[in-house]
Every structure is written in structure tokens, then in C-alpha cells.
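To start, the structure under review is shown below, and the notes come after it.
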Amino acid sequence: MVNRIFLIAVIAGIPLSVLGSLLHWPSLIMFAVYCLTIIALAGFMGRATESLAIVAGPRIGGLLNATFGNAVELIISIFALQAGLNGVVLASLTGSVIGNLLLVGGLSFLIGGLKYKRQEFNVYDARHNSGLLIFSIIVAFVIPEVFSMDMDEGKTLTFSVGISIILILLYLFALFFKLVTHRGVYKHKTDEAGEHEEPEWGAKKATLVLLLATIAVAYVSENLVHTFEEVGETLGWSELFIGIIIVAIVGNAAEHASAIVMAYKNKMNVAVEIAVGSTLQIAMFVAPLLVLLSLMFENNLTLVFTMPELISMVTAVFLTIILTNDGDTNWFEGATLLAAYFIMGIGFYLL
Amino acid sequence: MVNRIFLIAVIAGIPLSVLGSLLHWPSLIMFAVYCLTIIALAGFMGRATESLAIVAGPRIGGLLNATFGNAVELIISIFALQAGLNGVVLASLTGSVIGNLLLVGGLSFLIGGLKYKRQEFNVYDARHNSGLLIFSIIVAFVIPEVFSMDMDEGKTLTFSVGISIILILLYLFALFFKLVTHRGVYKHKTDEAGEHEEPEWGAKKATLVLLLATIAVAYVSENLVHTFEEVGETLGWSELFIGIIIVAIVGNAAEHASAIVMAYKNKMNVAVEIAVGSTLQIAMFVAPLLVLLSLMFENNLTLVFTMPELISMVTAVFLTIILTNDGDTNWFEGATLLAAYFIMGIGFYLL
Amino acid sequence: MVNRIFLIAVIAGIPLSVLGSLLHWPSLIMFAVYCLTIIALAGFMGRATESLAIVAGPRIGGLLNATFGNAVELIISIFALQAGLNGVVLASLTGSVIGNLLLVGGLSFLIGGLKYKRQEFNVYDARHNSGLLIFSIIVAFVIPEVFSMDMDEGKTLTFSVGISIILILLYLFALFFKLVTHRGVYKHKTDEAGEHEEPEWGAKKATLVLLLATIAVAYVSENLVHTFEEVGETLGWSELFIGIIIVAIVGNAAEHASAIVMAYKNKMNVAVEIAVGSTLQIAMFVAPLLVLLSLMFENNLTLVFTMPELISMVTAVFLTIILTNDGDTNWFEGATLLAAYFIMGIGFYLL
């Protein structure tokens, strides 16, 4: 039923997106077309990654989800960086962090929790991820903010580049740890659950769907970005609000879709891996990669967020850690994460 | 023995309070009379809530304690709000948060710990409460502080009202979670302990005592507030210090009494529920309710504390969470909480 | 093999240190001589404390390590205090905190983790220490920083003295708790491991070696300090960087050596006790003792760090707690701590 609606939305949405952008249809209409198309495409991506996740196991599956979700954001950010819109880049990084932790995580816990009284996931993975969240957000993002107050621009950039190299190195070490030296060392009773399920699509078909949907999402997303200015003026939204809230919701639609599907199927390991793993990929890979790539452009990017952005990320990390560190979720924990997201959303709307 | 002294103090204290306030006796004498009367009344409230707690079970019992302790503070704050004393209202909210977490919690752990080597309580409740402490203090109080630096007064008020509505909604969801959807889901071996005890008073007598003592405490507390200015001048205390330290100690005397009694009886579930539950009621119900009620007055209340107030609450939350998250207390953890309270107390005295 | 090299380094290093300082050899050469001598002496201290640790049990052994490591720092700081170099004292305290937590802890976890897939230690001790880290760094160091912004110098000093007395009292209570009232109450399966090992030296010989090596380390360290200014000028290092990074690395060489030896022998209880226990001794004993001692000098010391110093300590505490609170380490957790240390090191180098 939902799958059929999504198929129709994709079959109708992609040609409409191409046509509308060529014929310069009104921004507000195209904004709606783009959003719906992306959400429908995200549905396909969710099904494809779910099939691959069943084939490849929950951990690699979660990694796949996070990678394909953030490819879109990386592409958008590179275009924004090239245009010198550093503020929008930092805002969309912030939006991805709080969106993944609070909105994706919150919806997963809430919707999964409406079906199941208590959902468990691998507590070792949760603690491993908590350490990386503290490292990337609390250490690697807060330190340059505070130190840069006593530094000139050149030193701030040098510091950002140094931190970026360390972040990417530790991200690679984390993959090596998870996939090579400690693969299967930290097991949990829920890790077996659902692995006997049959995948909807085979590995080849799933990969093809995932690939095509990713390309289509990237194309539509880029068009979507160009409607933001006019939509912002029409609806009275600031660029900061669009960057942090709208880009995050639409740009992470793929994660939303698949995390919620996984939570609804009680595969909380994958759902949490998507929400937190995607955040870590943004903070430890996308953000530092953008800093390093910016060295090729005129406007260099430093890891110095605005205070509201930084405090939002920091408080989102503390809330996520305290709620996930027991390896157990319920609907109320989802509601708490969503309430925190609404508070930040109202704040950025009013700024 | 103690009960008899408390009975005498109440029988002597209430007429003396009425007489003294009518005849305008010296403030310092009345200050002592009011304080002793409230502490004695708190003793009765402790025994009454204890009786009700035995009848109703530890969780509802804890809730009852928190409600009757904070009714006094809500009434005092409404009077202060009406008089436009927003600074005193925020100070007394701060004082209630750090007083309940550090002073009530610290005394309970210390005195309970002098009798028992190791006291356990429901670790699921502790983690549930930790999530709400992070949500209410770290997210809902820190965010408006930081965002308001870039907002005008009107937007700060709008933001405070939005946060207040979200706080009250989540507080109601939390009650629904605890009492309806997840009642008894998170059990713990200590939950049965002491439930076979006989209540001192029946439900009717306990309710009557609780009601009368609450009314008397409210009457005496209000008189007490009017002595603060003169006492402050006489003893060299600032209004901030009186609001944060003195109002909290006397205003939370009921919680002190019953939490310590519970800890001494090794019913740590109730003791922790009083200390932390009362804090959460202040942060998630009393504070946002005061913001919403202030819309009816000339002086509107925003959720923007002073930095010393905010940092005191934030650090108190982190200390409480790290000490309670293992579901286990001892005398030294109580001493640590009290040491933190003394540091903040000295700080507010010197400010 | 290593022991023989260390023996030669000590036999050659001590006369060279005395000769070089009397004959005023070039600073850069003496800097290298002093450093190598201290590291070699630290090797002997490590073996001596290890022998004593086997005789006395892991907990007292860890305490011995921490005490003999910090005696050097206390002596250096008193000389610096007498010379009015308050900034260097606070910097070296900061350096000891982040050096012990991130560098000593990180190297122990990394090197131990290269040999063992997963190393366990007493989770009760880790949680006890976490509470004290939050108390000393997050409460006792952050509170005076924030409050002092609204205080004059006199009140800031009074506040620092008050906090110092509370810190030392709680430190004494902590010892009383660990060694008297709760000795052996919180046991763990790893606590027995390795206690059947034979000590290298007897208690008398180990004590003598420890005593002589400590005196020699103190002598050489003091000479080392006097080379810092010239070395800083020659190599382009700021005094802050030397205070925070170089003093910490060389001054804590004893802890480094013994913590890593313990981690390599899979005695993680001792390794963690050295890293975290030494931090707590700095924060709860050395720092407040220096504040109280400074009352006898002209320049009084207050507990007001610079913002980069404070934020480095605070984020180091959060990272350490999240990584140690599960009582389990691996090489990647060590790499994470070291990555945080490198980020702060680069930051202080650029400041």
C-alpha cells in the first residue's frame, strides 16, 4: 500500500522535478514536489538498505544506511562551500547532528515503542558510540570554539585543520576496530534477532535500487536547495532555520524512513546505528572532510559554530547518551528526544 | 520522643506565629519561631505521607511527598510573582533544584549510609529520572539562556512560553508513562522491601493530618517570607542568598524530614523519589507553570536564570546523575553531595 | 634489557645532571639529559612501586604510585608559587589533570589493548572515581570560574579558600571511606588477579629504591624547570605550552611508566587507579593545598583557571567517565583518549 504510493510518487515526482526546474515553476510548488519526491525515494532507499542489511548483517547494514544518507548532505555542502556559504554549511552540519540524534532517534523510539513495551539493543555498541559522541562533539567541537576566542584567524584555521585530520584518523580507526580487530567481540542477545528474515530484494537488485535512488535524491536535493531562499522569503523563515531544520529533515529523510521501519520491526540495533552512526559520520567524517576540502576554495571553513548551534549539539549529545546508555528504549524516551528537538526548533525559528 | 517535641512545637508554634505577626514582634525572633514551627509541621507531614506511602505503595507515596512539598513553594512563588520579584522567583526555583538534589539527597544518603553500609534503589527509576533531569535542566534551561543572548525581550518571552508548554506536556506524558503504560514494567528487587510494614495512621487520618499541616505550613511560610528583608539586613544576607539557600531549606523542610526518615528506614526508593522527583516537579511543572501564570501579570517571567544559578543547577544535575545511576548509595556519596551544596552556598553568600 | 638501559641512564644521568648544572652547559643539551634521567628514574620507581603494590595489594599500590608521582609536582609548584608564577602553577595543574586522564590513561589502554582484546577493572572503583572527578573538576573548578565573574578579588580568594578546605576534607573522607568503612565492600572478579605474583624486590629494598629515586627525580626536575625559559625561546614554545604539556609529560613520567607496565601485565585496576587516582590527588589535594599555602606568600592563588584550561579539564573528565564507566577497556578507547590529548596539545601550542 505505502510502497505503491511511494512508487507512484517517484514515477510522477522525478519527471515533474525535471520539468518544473526547466520551466521555472513557482518555488513554493516545486518545494513541495521536491520534498515529496525525496521522501518517496527515501522509502525505496529504506527498502533497499533493509534488504542489504538482512544479507550483510545488522552492523554493516546500519553502516550502509548512514553512508547513503549522508552522501546527499556531503554533495549539498560541497556546493554551498564553493558558493562561500560557510554559515549554511555549519548550520546544516548542526541540523544533521541534532536531527539524527533527536528527530530520527526520537521518532524511532516513539513509533517502535508504541508497538513494543520495551525494545533492547546492543549496549556495547551504544557505549562505544557514546564515547565517540563525547569525543567528536564535546571535545573536538567545543575545544576549537573556546580556544578560537584567544586565537587569530590563521591559527584558528590551522587548529581546525589539525582537529580535522585527527577526527578522520580516529574515524578510520573506529571502522578498523569494529570490522577487523573487535568484530563480534562485543555480542549481545538481541544481535541474532531477525537475522533469519528473508530479504525483499536480492543483493544485486537492492544495490541497483539504492544506487539509482541515491542519484535521484542527490539531483532533487540540489534543486530543492535553490528554492530555499524564495521559500524563506515567502514563509518568513531565516536561512539559519532552513539550514538547521528543513535541510536536516529532508536531507535525512532516508535515515528517517529506514530507522523507523527498523524500529517498527523491533530491529533496534539497526535503528540506533542509523541515528547515532549517521551523527558520528557527520561529525567525524563529513565535517572534517569539508574543512580539508575548503582549503582548495577561497573561503576556508573552520570548526567554529555559533554558540546556539554548539550548545544545541552538546545538549543533544548528553540527552542521547543518558537515554541510550542502558541499551533499552520505550515510547517515552522517544517523546523526550522529540521534545528537545521541538525546543531547539522553536529557538532557531525565533533567532 | 521526637514526635512529642514536634507536637509541642506545633501546638506552641502556630498560636505564637499568629500572635507574633499580629503584634509585630521583632523579625529575628519571628524568623526563628516560623522556622521551628515549619520544621515541626514538616515532621507531621513526613509521618502522614509515610503512612500514605505504605498504603499506596512506594511510587505514589514518593509522588505525594513531592506534591505536598512543592505546593508551599508554588504558593510563595505566585505571591512573589505578583509583587514583580522575578529575581527572587528564579532564585527560589534554583534553590529548590540544588536544595533537593544536593541537600535533601545528600542528607538522605549520609544518614541512611551511617546505618547501612550500602543502600539500593530501583536503578530503572534512577535512569528514567536522569533522562528527565538532563532534559529539563540541561536542555530546557540551558538552551533559552544561550539563545536569549541573540534575542530581543519579546522573542525571549515567546521562547520561554513555548518551552514551558513543552515541559508541562512532557511532565504529563511522564506521569502517563509511569502510572499507565509502564506501571510495574521496570521492577527491581528492592521494590518489595518494607511494603509489609503497618502504616502509623490510616489513610483517612493521614490525609487529614497532611491537609491541615500543609495549610499551616503555607500560612507560616508566607509570614516567614515577610521577615526575610529585615533578617537579611540584620544578618548581612543578600536577597539572592535568602532566596536560594534559606527559602530552599525551610521551604523543603517537609521533603528533608520525610526523605531522611525513609533513608533511615532503608526505603531508598522513596527517599530518592522525593529528592529527584521533587526537583523534576519544580523544573518541569512549577517553573513552566509560573512562566504561563506570569502572562496574567505585568512582569512576565522568562526562563533566563543568572549564570551562577544556571551553572549551579547544571553541575548539581551531573553530580546527582553520576552518583545515582548505579542504583546504590553510601555515606560518602551523601558527603559528596553535601560538599557540593556547601560550595554553592558559600558562593551565593559571597555574591 | 630495558632495566639495564635504565640503570646505565641513571648511573650516567645523575652525575651529568649535577655536573651540567654546575658548569652551565647549554640548556637544550641539559634539557635532554634531565628528561632522559627522569624517565630512567621513573622506570626504577615503577619497579619499586610495583613490588610494593604486590606486597600491599592493588589499591594501596595504586595510592603509593599516585603519591610518589605527585610529590614531584607539589615541590615544583611550591617553588613556582614562591616566585609568583601563578599562571604556570595553574597551567601545570591543568597539564597534570589532562595528562593523567588522557595521556597516561590513553597509553595504558592502548598498549594494554594491543596485547589483550578486552581488559577489565573494578567497575565500583571506576564509578566511585567518576563521582569524585565530577565533584572536583565539574563542581569545584567550574563554580569559582563562573561565580568569580561577579566577584571582586578579595571575595574570589575567600571563595577559593573555602572551596579548598572542602576539597581537602572530602579527600580525607574519601580515604577514610576506601581504607576504613568500606574496605573490601565493593569487590570485583578482577581484584584477585595477579596477587599471587612474586614481588621483584622485598618491601624494604623497594621502599629504599622508591625513596632515593623520588629524591633524585625531585632534584633533576627542579633543574629541568630552570631550562624551560631558554628552551622555550630556542624552540618557539610558549610558557603555557611548556607548563601544560612538557611539565605534565616529564613530571608524570613515573605514572606513565608504572601505569603502562601494569596495563601490559593486565593489572588494569592498578593502571586506572594511577591515571584517575593521580588526577584526583592533583584536583582534591595538590591544587587546594597550593591555594592554602599561597596565603603565606605575597601572590595568593585562586582556583580561577583560564577558559581553555577549564574547558580542557571538563571535556577530559566527560570523555574519561564515558570510557571507563563500563569497567572495560580496549585499544580503541586508548586511541580516543590520546586523540583528545593531541587536540588539546595542538590548541595549547597555538595559543
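Glycine residues also receive a Cβ, built from the backbone N, Cα and C atoms like all the rest.
Small disclaimer: the values here were computed from a predicted structure and weren't measured.
Per TrEMBL, domain 'Sodium/calcium exchanger membrane region' is recorded for A:27-179 (among others).
Positions annotated as domain 'Sodium/calcium exchanger membrane region' by TrEMBL: A:206-344 (among others). Break the domain 'Sodium/calcium exchanger membrane region' (A:206-344) down by DSSP state and the numbers are 114 helix, 2 strand, 23 coil.
TrEMBL lists A:5-23 (among others) with the feature transmembrane segment.
The annotation transmembrane segment is assigned in TrEMBL to A:29-48 (among others).
Here TrEMBL flags A:60-81 (among others) as transmembrane segment.
Positions annotated as transmembrane segment by TrEMBL: A:87-111 (among others).
Taken from TrEMBL, the feature transmembrane segment covers A:132-151 (among others).
Residues annotated as transmembrane segment in TrEMBL: A:157-180 (among others). Packing against the transmembrane segment (A:157-180) from elsewhere in the chain are residues 59-60, 128, 132, 135-136, 140, 143-144, 147-148, 151, 280-281, 283-285, 287-289, 291-292, 295, 300-304: each is 6 or more residues past its ends and has a CB under 8 Å from a CB in it.
A Cβ distance under 8 Å defines the sequence-distant neighbours of the transmembrane segment (A:201-220), meaning residues of its chain 6+ beyond its ends; these are 10, 13-14, 17, 34, 37-38, 41-42, 44-45, 47-49, 51-52, 55, 64, 68, 71-72, 75, 254. Per TrEMBL, the feature transmembrane segment maps to A:201-220 (among others).
Summarising the annotation, TrEMBL assigns transmembrane segment to A:240-262 (among others).
Long-range contacts of the transmembrane segment (A:274-297) within its own chain (CB-CB distance under 8 A, at least 6 residues past either end) are made by residues 62-63, 65-67, 69-70, 73-74, 77-78, 81-82, 84, 86, 89, 93, 96-97, 100-101, 104-105, 108, 126, 129, 132-133, 136-137, 140-141, 160-161, 163-165, 167-168, 170-171, 174, 252, 255, 258-259, 262, 303, 320, 324. Annotated transmembrane segment per TrEMBL: A:274-297 (among others), in sequence order.
Residues annotated as transmembrane segment in TrEMBL: A:303-324 (among others). Beyond the ends of the transmembrane segment (A:303-324), by six or more residues, the same chain brings 90-91, 93-94, 97-98, 101-102, 105, 109, 121, 126, 129-130, 133-134, 137-138, 140-142, 144-145, 148, 156, 160, 163-164, 244, 272, 276, 287-288, 291, 333, 336-337, 340, 344, 347-348, 351 to within a C-beta distance below 8 angstroms of the stretch.
Per TrEMBL, transmembrane segment is recorded for A:331-350 (among others).
The highest tally of CB pairs under 8 A with the transmembrane segment (A:5-23), across A:29-48, A:87-111, A:240-262, is held by A:29-48. Looking at A:29-48, A:132-151, A:240-262, A:331-350, the range that has the most CB pairs within less than 8 A of the transmembrane segment (A:87-111) turns out to be A:240-262.
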